[in-house]
Protein chains: 2
Amino acid sequence: MSHPVSPLAPRSHPEMPPVAGVSIATGAAGIKYKGRTDVLTMTFAPGTAVAGVLTTSKCPSAPVDHCRASLPGGRARALVVNSGNANAFTGRKGLAATQTTAAAAAEAVGCAPSEVFLASTGVIGEPLDAARITPLLAGLFAQGEGGRWREAADAIMTTDTYAKVATRSVRLGETEVRLNGIAKGAGMIAPDMATMLSFLATDAAIEPAVLQALLAEAVGPTFNSVTVDSDTSTSDTLLLFATGAAGNAPVTETGDARLAPFREALGAVLLDLARQVARDGEGARKEIVVTVEGAVDDRSAKRVALSIANSPLVKTAVAGEDANWGRVVMAVGKAGEPAERDRLAISFGDVRVAVDGERDPAYSEAEASAAMKRDEIAIRVELGMGTGRWTVYTCDLTKEYVAINGDYRS
Amino acid sequence: MSHPVSPLAPRSHPEMPPVAGVSIATGAAGIKYKGRTDVLTMTFAPGTAVAGVLTTSKCPSAPVDHCRASLPGGRARALVVNSGNANAFTGRKGLAATQTTAAAAAEAVGCAPSEVFLASTGVIGEPLDAARITPLLAGLFAQGEGGRWREAADAIMTTDTYAKVATRSVRLGETEVRLNGIAKGAGMIAPDMATMLSFLATDAAIEPAVLQALLAEAVGPTFNSVTVDSDTSTSDTLLLFATGAAGNAPVTETGDARLAPFREALGAVLLDLARQVARDGEGARKEIVVTVEGAVDDRSAKRVALSIANSPLVKTAVAGEDANWGRVVMAVGKAGEPAERDRLAISFGDVRVAVDGERDPAYSEAEASAAMKRDEIAIRVELGMGTGRWTVYTCDLTKEYVAINGDYRS
């Protein structure tokens with residue numbers, strides 16, 4: 001099954017430079033797909049710190065359980081990811097598959113199994129045959145290279161129509177450090193987490209506790225503000241590795257003044273990847289950027305924005321290029337957050353369509369229609385209740401979404 | 001715009017007998033539709049009690065505001081409903097339209113405006129021109145007849161593909177009483193309320209406070225357990241009128257032993273109408289009945305059931321006749337309610353597909369596929385946490401839903 005590349009795909013991918021201390025390889029285990037790679041391995045220099053954010057699902061996959069148990073150790077030497085099978089809801093077999101894979105990787109790399117991080121994405125409920133992956137590991141680890149970020153992004157795709165990569169370089173004190181990231185995800189995307197899978201690595205030296213704090217802070221307005229279909233995966237995994245190979249004096253406190261540019265770069269890479277996920281939403285033809293302002297607080301603004309972004313009626317209206325602000329009113333109303341009908345203002349792009357609880361007297365149907373023809377639809381809602389503000393990223397809901405998800409297993 | 005009748009439409013409509021004390025008329029005001037009726041009026045005998053449940057939206061329509069203000073009076077003499085325009089988010093014009101309509105109806109019937117109940121359904125945000133409706137009212141009230149329930153149901157349809165009616169007769173003490181109901185709704189359907197519009201009338205004599213208690217109790221497992229697209233309307237209105245014309249000694253207490261059969265009939269009529277709404281969900285090809293058992297309590301069971309019923313991935317899988325229980329696991333996991341992956345059991349129809357946290361060893365793909373070909377798909381989830389139980393009704397998500405909602409205004 002393949003689908004045409006999203007019209008919202010980036011025009012070009014950035015050149016992905018190596019990150020010192022990270023070695024990458026990909027292979028074809030034939031787990032589900034034929035004629036493509038489906039296994040990704042990374043090895044990290046000794047002493048690499050790791051931070052992570054995992055799905056909040058009450059039914060997490062076996063690899064998520066493994067990562068959750070390993071993260072407190074704060075150190076990583078290897079990453080093994082497969083696509084085609086999520087190893088989720090696979091019971092004792094699922095646990096056994098993660099144990100087997102982690103043990104094989106640990107032996108090949110020479111580390112503890114808890115320093116091996118795992119992720120799987122694909123069909124839920126089918127046992128994952130670890131014996132397809134483990135024989136490849138020693139070879140993959142041996143042949144790893146630093147520059148294969150794009151191949152890495154290719155290997156973890158499922159219904160994605162394009163690979164998702166991002167990179168930044170910034171100063172950390174006197175040292176130039178690099179931050180690379182990849183992501184996959186196209187459906188079953190909703191906060192917390194909206195990833196499905198994303199892996200970032202930097203050569204900066206940052207202690208695990210600081211790394212975790214930075215990641216937790218950065219994920220809120222980025223991956224946790226993306227939704228495709230309100231469905232939260234059992235497998236969502238975001239991991240950030242810091243090898244320390246850049247040689248900066250290690251960052252040991254979140255208040256370290258040197259961190260400012262890195263913080264900004266981390267937010268930028270995560271937002272870049274998160275928006276690429278939204279723009280590759282299954283069947284997406286338009287990106288929708290929903291900004292709610294004037295809420296009683298940011299949390300309330302986010303809830304209203306998600307109510308709009310997850311509304312099938314709003315999403316189908318955008319698909320139909322219909323400036324149907326009545327459905328935005330509906331979505332504000334159902335959010336359950338403080339709102340006053342008669343203070344609401346709504347804009348599509350630059351066109352204010354409603355103000356003070358009714359249609360904007362200056363509203364032009366022609367201008368609104370023109371705004372709806374763009375690839376990026378900005379919906380702005382002013383609640384008039386306070387200063388809370390949030391932006392959420394999503395896509396439209398098209399017949400292709402239904403087609404893709406109506407025959408996924410066949 | 002018209003769409004083919006839902007394949008889930010009832011094979012036949014019940015004969016709708018009159019309800020003593022209720023007179024019905026319909027007319028064509030040309031509000032939006034051409035060549036069909038779009039106004040419904042009912043008049044009620046003096047002394048008629050009324051109860052109601054209204055949308056929880058923070059941005060309710062003007063007629064909802066009117067009903068909310070009038071319900072505490074507990075008495076009704078007239079109902080005026082229009083389709084084609086929801087009179088929602090219409091600001092001062094919307095309020096004026098309800099005042100004008102209620103005043104005109106009150107004058108024609110000879111009652112207070114607060115004894116006139118109003119409802120509107122259709123496009124949001126367009127001013128409703130009351131002058132299209134008011135000139136018709138005196139004539140409609142004058143020509144009303146008792147038996148026009150089916151015509152009433154026709155007049156309030158919007159994207160509905162069939163009229164929704166139900167009727168029951170039961171004993172109230174020594175007296176035979178009748179309960180009729182109509183509903184409309186096909187999209188923007190989610191609890192609280194999942195109606196869009198529903199109107200019931202009985203000739204029983206029941207005091208307003210008792211009537212309200214009965215209705216509030218009955219709505220939970222019926223209209224508030226139906227969802228099409230998780231989108232809650234600004235206009236949801238459920239009204240129950242009791243004319244008292246049957247002549248029973250009035251019911252003045254909820255504990256009245258005579259009420260048992262009436263309670264049951266009320267629940268049955270509401271469930272009948274609610275399921276008709278789900279089965280007419282925009283683009284629906286299959287009804288999905290989600291039952292969650294073994295939750296920590298009923299409330300928790302309902303939340304898990306709604307998480308499943310509102311999941312686009314579950315709904316598209318059913319559309320594709322795919323017994324994709326992995327997506328059910330996902331929806332259980334994201335509900336945020338107490339659940340243990342390794343205690344979960346899931347069935348489609350009579351086929352148990354998963355048990356104890358993994359695929360049922362006895363699972364037969366052929367049997368599961370056969371179960372998915374039916375018109376009614378029963379999804380049962382056993383959580384194994386307690387004795388809480390709830391059933392929710394919804395429909396599949398098809399390309400037709402997207403088509404219907406992508407060009408609603410055009």
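The backbone N, Cα and C atoms fix where each Cβ goes, glycine too.
Just so you know, TrEMBL annotations are computer predictions that nobody has curated.
Model, not experiment: these values are computed from the prediction.
Copied from TrEMBL, the annotated features are:
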- A:THR195: active site, nucleophile (ACT_SITE)
- A:THR158, A:LYS184, A:THR195, A:GLU282, A:ASN405, A:SER410: substrate binding site (BINDING)
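Here the features listed in TrEMBL are painted onto the structure.
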residue  : record                 : DSSP (3 states)
A:THR158 : substrate binding site : coil
A:LYS184 : substrate binding site : strand
A:GLU282 : substrate binding site : coil
A:ASN405 : substrate binding site : helix
Least buried by Cβ count (within 10 Å) of the binding-site residues A:THR158, A:ASN405:
A:THR158
Among A:THR158, A:LYS184, A:GLU282, A:ASN405 (the binding-site residues), residues with Cβ under 8 Å to chain B, listed in sequence order:
A:ASN405
Cβ packing number for A:LYS184 (substrate binding site), 10 Å threshold:
29
